[in-house]
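Visitor: These came from Swiss-Prot, pasted as-is:
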type	residues	note
ACT_SITE	Asp170	active site
BINDING	Gly503, Glu504, Thr505, Ala506, Thr507, Gly508, Lys509, Ser510	ATP binding site
DOMAIN	477-639	domain 'SF3 helicase'
REGION	342-469	region 'Primase'
Amino acid sequence: MDAAIRGNDVIFVLKTIGVPSACRQNEDPRFVEAFKCDELERYIENNPECTLFESLRDEEAYSIVRIFMDVDLDACLDEIDYLTAIQDFIIEVSNCVARFAFTECGAIHENVIKSMRSNFSLTKSTNRDKTSFHIIFLDTYTTMDTLIAMKRTLLELSRSSENPLTRSIDTAVYRRKTTLRVVGTRKNPNCDTIHVMQPPHDNIEDYLFTYVDMNNNSYYFSLQQRLEDLVPDKLWEPGFISFEDAIKRVSKIFINSIINFNDLDENNFTTVPLVIDYVTPCALCKKRSHKHPHQLSLENGAIRIYKTGNPHSCKVKIVPLDGNKLFNIAQRILDTNSVLLTERGDHIVWINNSWKFNSEEPLITKLILSIRHQLPKEYSSELLCPRKRKTVEANIRDMLVDSVETDTYPDKLPFKNGVLDLVDGMFYSGDDAKKYTCTVSTGFKFDDTKFVEDSPEMEELMNIINDIQPLTDENKKNRELYEKTLSSCLCGATKGCLTFFFGETATGKSTTKRLLKSAIGDLFVETGQTILTDVLDKGPNPFIANMHLKRSVFCSELPDFACSGSKKIRSDNIKKLTEPCVIGRPCFSNKINNRNHATIIIDTNYKPVFDRIDNALMRRIAVVRFRTHFSQPSGREAAENNDAYDKVKLLDEGLDGKIQNNRYRFAFLYLLVKWYRKYHVPIMKLYPTPEEIPDFAFYLKIGTLLVSSSVKHIPLMTDLSKKGYILYDNVVTLPLTTFQQKISKYFNSRLFGHDIESFINRHKKFANVSDEYLQYIFIEDISSP
């Protein structure tokens, strides 16, 4: 700092309130005078009834001042209350000033607090009916511009504080050409109350805010930008209502006419004082008139009407300009791509690092609150009102027109805290995961510290898996299908076949189910047998509706199909359950289309029986056999003599509890990912095993025996006629009786009689009432000479 401004001992004073600007500028000795401190003190002694008001001589040339405050409380505090209040007052205002100085001036927070709390002077009013004083912080210097900029901060402190002294700070003194009554002088000649000095400060310079005497203990700060630079080039923002409408609202508030109304425009309305024609009392405070004019300011998206001079002498009025503010808030939230509309008409919300449905709980409202602090200050305060939040939420819903396709990342596994790439093992979180729009997840957080191969849990898990599906040459094909099926549960795409887990009781099917449920969490759903045995239509079907976007569906405990009255598995249902879209809606909902990403596993102790068998069905069925029995010690001997089991193991009574406590969650998940990369990269492959279904034996074999007749077989008719074939309607046909004779050479009628009859009924045709035929040719009849 320049040495010229480190000191000022010439005190410029006004001799009365309301000195005309011209007299002040010309330094008319009738109204103004300049003193050295000792001269000022003698002048007051010689003129005890004088009225002196300290002010800066020329703010443009020199505006260094001490931080000062004027406190005026219309109540008298007793000594104890006063001491407590003044102590809290010093702490509050020093903290407030230090925060402002740090934020706006780049000052050192601790240094400001230290300089303010270590050295200050207090005056005391001789008026016994009130508590009034001036406080001068002797070693804390700033500029008048800085004090003016600090006015709002101190005003907010004054309004929010519970301290009566803090609430009584007069912020009106922070203005251009401000004045402060000199200690020991009167406010006017008729007023006999004055402010007196208090120990330990007995020098008049300690009570003057324009006196400057900087030393090593002093601290100075000022605005990093001038007030003029802080004013934006254009005050009126596009989101506001029109300026004309806003000024009309201001005019209606005053009731009395504004004489210079037509002089106001978008660029000057904050600097031009309002000239009011007080025909009637002030509409704000009901006083007959005001000496100082009202003025307008623009704050937080609203016009603020306040009175210059002492602002507490009239009410402050706010005129909101938020014609489209709530709409703008909704638009800003939409711009973050944190709320989307799915193709099913659902709203999904990006919150806490994952996409979630806005269904059971109001997640859009939670999102609005969570990003409130990321919005500009003028918007964030609006969201504290529940009614306005609801309006913003409604705006967001109305503005979302274009739907987005979700869950199109089959090789990504979503968690509560991010997304796991199944191919390369990368885990994406935060904004990196946001681009993978997945509406369902495992429901738990991914923990990379547990997602490792070498762990005690992995060792225990491998022993469990190897017991359920042994790694033997005889079981190699079965084990491979077991691994393929379970790892396909990670994939978010439609699977081409259903898998039956077939085996006697206590062979590890339910253990596998619980391990899978633990590993993929909410992506697993268990359903009933009705999805296999009942007609699937567009009616209410919560079992089908719950399959939407799930990656594994487990259907347990099929009935014993040998029992009378039990329903067979519907072939049509199997076909529908391998389609990308499954029809079925929840109760009280019209959403009937469910995206089918599930690996459907059917846990059964009985061989499956179908109502109808064809090639389409056989291409959609795979079977994993379970032949290791887990037995109690008492039943082990009987189990070892049962041909249904290859091995018998002792049952681990504590295993179920460990699985329920998710001990093997990340170990099994690691294993599933490993199998996924082994079998399903780059293409997911899940093949049927129709040869494992006894009921398919006839259809698998007959497909190797017969071909449909066609025109290319007509030239062979000479040889075929000798073998019982006839030509009917230009098609080679085989009479029914002849077909039955030929087919009996390949199939035992006692074992396959029902299948033969079913095949005939499905394919036979009628020449007339009594003659029946089939349009099939035995392969051996056209291949043999």
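Just so you know, glycine gets a Cβ as well, placed from its N, Cα and C.
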Visitor: Identify all same-chain residues not among Gly503, Glu504, Thr505, Ala506, Thr507, Gly508, Lys509, Ser510 whose C-beta atom falls within 8 angstroms of the centroid of the ATP site's C-beta atoms; report them in sequence order.
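Guide: Nearby residues not in the site list: Asn605, Phe626, His629, Phe630.
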Visitor: Please work out the helix, strand and coil residue numbers for the region 'Primase' (342-469) from the DSSP assignment.
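Guide: Counting residues per DSSP class in the region 'Primase' (342-469), I get 50 helix, 21 strand, 57 coil.
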Visitor: Please report the Cα separation of Gly503 (ATP binding site) and the residue listed as 'active site' in Å, rounded to an integer.
Guide: 88
Visitor: At the Cα level, what's the spacing in Å between Thr507 (ATP binding site) and the residue listed as 'active site', rounded?
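Guide: Computed Cα spacing between Thr507 (ATP binding site) and the residue listed as 'active site' is 85 Å.
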Visitor: Cα distance, Asp170 (active site) to Ala506 (ATP binding site), nearest Å?
Guide: 84
Visitor: Measure from the CA atom of Ser510 (ATP binding site) to the CA atom of Asp170 (active site) and give the result in Å, rounded to a whole number.
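Guide: Rounded to a whole number, the Cα-Cα distance is 77 Å.
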Visitor: Which one of these binding-site residues has the most other Cβ atoms within 10 Å of its own Cβ: Thr505, Thr507, Ser510?
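Guide: The residue with the most neighbouring Cβ atoms within 10 Å is Thr507.
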